Amino acid sequence: MASISTRSGSPSYFTLVYQNPLWVFLGLSVTLSIWYILFPDVVPLHNGFAWEGDTYYKPVAINLPHELLETHINSYTIQRIFPFVLLHGFFRLFDIPFRDEYLILWMQIFNLGVGVLMIVLWHKTAKLLNLSLEAAWVGFLAFFVNFSFLKYDLYIPFTTDRLAAAAGLMSLYFYLRRSTLGLWLTALVSLNIWPTALAYNLLLLLIPADEPLPKTSNRPLSLLWAAGVSLLIMLLFVGVLYVRDVPLPPRMAPEVRPLLPLGIVLTGIYVFYTQWTLGRRLIPGWAELGNLLLRTLRPSIKWLYILALLAAYIELTRVIGDPSRSYLPFKTFLINTTYAVLQRPLQFVVAHGVYYGLAALIPMLFWRRLLAVLDRLGLGLGLMLMVVMLQAINSETRQLANVLPLLALIAALVADTFSLNRAAVWTVAVLLVLISKAWLPFNWFDPTFGQPADRFPSFSFVHNGIMLEWPFQVYFMNQGPWISNFYLLLQGGILAVVGFVVYKAFTRSRLGDNAAAGRSH
């Protein structure tokens, strides 16, 4: 990569900045976190604890023994209490009073540290994979320049979302390092951080990082898998909506009833296409499949890790946690998921773009290139991506927190197939900052800011549709199931423009470099 120098021959300031993305993002993250501590733009609802933070996490942080031994934490919530257990221990150790402002401040500082850890880990991952500087930048942008990292984690600090992304990145890093022990220890801790972490970590423990993609393909089995999964999901939707005629759950944006059939069909097409194209790359021919199964199932130490992890999960959710106090019954989960997918056709596409920015845009813009870079991921991460593509039909994007590292890695690997230049990277960075809403103080729009019992942005969900109105949409327009139709269309249009510019920046950069190389030759 050519560098720009000053008259003295030393690199220019902008060149030094560009060549050191690690320090750029460390500075950005730390500065923004400190800014929010000094000049808070923290959710007013429940004095900064918001929804689940006030109901579930705050009691754990304040009175952990009582919650564990007497109240008994339900089996779902206990999988998300790790930082609040640390908080409780820290406050007890140093005899700090459990005042609301101290609890919030502790989580703000904790999230600051987690952000630093994530940035350093991504830098090490990029070096491990020998990514180009431009690809490393794209990974940084996909990971850290989005609504999730630059706004949500700071606006609602009393959650485990940022820690879930960090745990997912640690699993990814140890997996790529071929450190089974490191992966297992991360998976063990992740049992108390994010509920879906178990499934993904089990997959990574089962399929080693050095397992390559198959040399043969299995067209019939790939077709059967894609058709079967898409049909099963469509039948679930039909059953919920038309056979059982289950109404929309409360507190969600109303569905557009006439468009539900279109939503079912389009979602089925999305599932079939993604699973079919991935299956053609990941599902081996019959003979190779047999050999793969023999290699995977043969006795080895990995089975001890897997059994120990499963035993710890059972102990956590069936012995320590209370399975009789269901947080989200399976039937309710299916109903909520159905509507979170289908309120508006393909709303999850817009929701993910709004929430995760480039990490969601790259697969949509460069799907064929994504398929081409699967060789660099290996079979384990490729299969993990298949599961992520299924989970992604749910428009509540924050549920994907622990797999964001994989999506950011894929964005970087796709970028590595282009000859990107600095102008392309800067252009994309500016656009991502704009759509991240990091610059938008939400509480400016709170009509009752500073008043007692301020419940912004929700006030009370019993007022039907209040979250669909401005100013409440300043927050809810970023959460798929609660985006109003107007802001869904508006943000969808903005994302289409951003996607077009990103596509041109990537492809024109390559063409420009090739033309320059030709002129030089």
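Each residue, glycine too, has its Cβ placed from N, Cα and C.
Note that the structure is predicted; figures quoted are calculated from it, not measured.
Beyond the transmembrane segment (21-39), the same-chain residues lying 6 or more positions past its ends with a Cβ under 8 Å from any Cβ of the stretch are 105, 108-109, 111-112, 115-116, 119-120, 123, 133, 136-137, 140, 144, 149-150, 154, 157, 438. Residues annotated as transmembrane segment in TrEMBL: 21-39 (among others).
Long-range contacts of the transmembrane segment (103-122) within its own chain (CB-CB distance under 8 A, at least 6 residues past either end) are made by residues 22, 25-26, 29-30, 33-34, 36-37, 42, 48-49, 58, 61-62, 83, 86-87, 90-91, 139-140, 143-144, 149, 153-154, 157-158, 162-163, 165-166, 169-170, 173, 405, 408. According to TrEMBL, the transmembrane segment annotation covers 103-122 (among others).
Per TrEMBL, transmembrane segment is recorded for 128-147 (among others).
Beyond its flanks by at least six residues, the transmembrane segment (154-176) meets 32-33, 36, 41-43, 48-50, 52-53, 57-58, 80, 82-83, 103-104, 107-108, 111, 114-115, 117-118, 121-122, 124-125, 128-129, 148, 182-183, 186-187, 189-190, 193-194, 197, 200-201, 204, 209, 380-381, 398, 401-406, 409, 442, 475 of its own chain at Cβ-Cβ distances under 8 Å. Summarising the annotation, TrEMBL assigns transmembrane segment to 154-176 (among others).
For 182-209 (among others), the entry in TrEMBL reads transmembrane segment.
Taken from TrEMBL, the feature transmembrane segment covers 221-244 (among others). Within the chain carrying the transmembrane segment (221-244), a Cβ under 8 angstroms from the stretch's Cβ atoms is held by residues 260, 264-265, 267-269, 271-273, 275-276, 279-280, 283, 289, 334-335, 338, 341-342, 390, 393, all 6 or more beyond its ends.
Marked as transmembrane segment by TrEMBL: 256-273 (among others). Residues 226-227, 229-231, 233-234, 237-238, 241, 341-346, 389-390, 393, 485 of the same chain lie 6 or more positions beyond the ends of the transmembrane segment (256-273) yet place their CB under 8 Å from a CB of it.
The transmembrane segment annotation in TrEMBL covers 346-366 (among others).
Packing against the transmembrane segment (373-393) from elsewhere in the chain are residues 129, 172, 175, 196, 199-200, 203-204, 206-214, 229, 233, 267, 270-271, 274-275, 278-279, 281-282, 292, 341, 348, 352, 399-400, 403, 406-407, 409-410, 413-414, 416-417: each is 6 or more residues past its ends and has a CB under 8 Å from a CB in it. Sequence annotations record features per position, and here TrEMBL assigns transmembrane segment to 373-393 (among others).
As annotated by TrEMBL, transmembrane segment applies to 399-416 (among others).
Residues 18, 32, 41, 43, 134, 137-138, 141, 145-147, 150-151, 155, 354, 357-358, 457, 474-475, 478, 494-495, 498, 501-502, 505-506, 508-509 of the same chain lie 6 or more positions beyond the ends of the transmembrane segment (423-442) yet place their CB under 8 Å from a CB of it. The transmembrane segment annotation in TrEMBL covers 423-442 (among others).
Residues 251-253, 256, 344, 347, 349-351, 353-354, 358, 361, 364-366, 427-428, 431, 435, 467-469, 473, 476 of the same chain sit 6 or more residues outside the transmembrane segment (482-503) yet have a Cβ under 8 Å from a Cβ within it. Residues or ranges marked as transmembrane segment by TrEMBL: 482-503 (among others).
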Lying 6 or more residues past either end of the transmembrane segment (128-147) yet within Cβ distance under 8 Å of it, the residues of that chain are 1, 18-19, 21, 24-25, 28-29, 115, 118-119, 122, 173, 176-177, 354-359, 362, 376, 404-405, 407-409, 411-416, 418, 420-422, 424-425, 428-429, 432-433, 435-438, 478
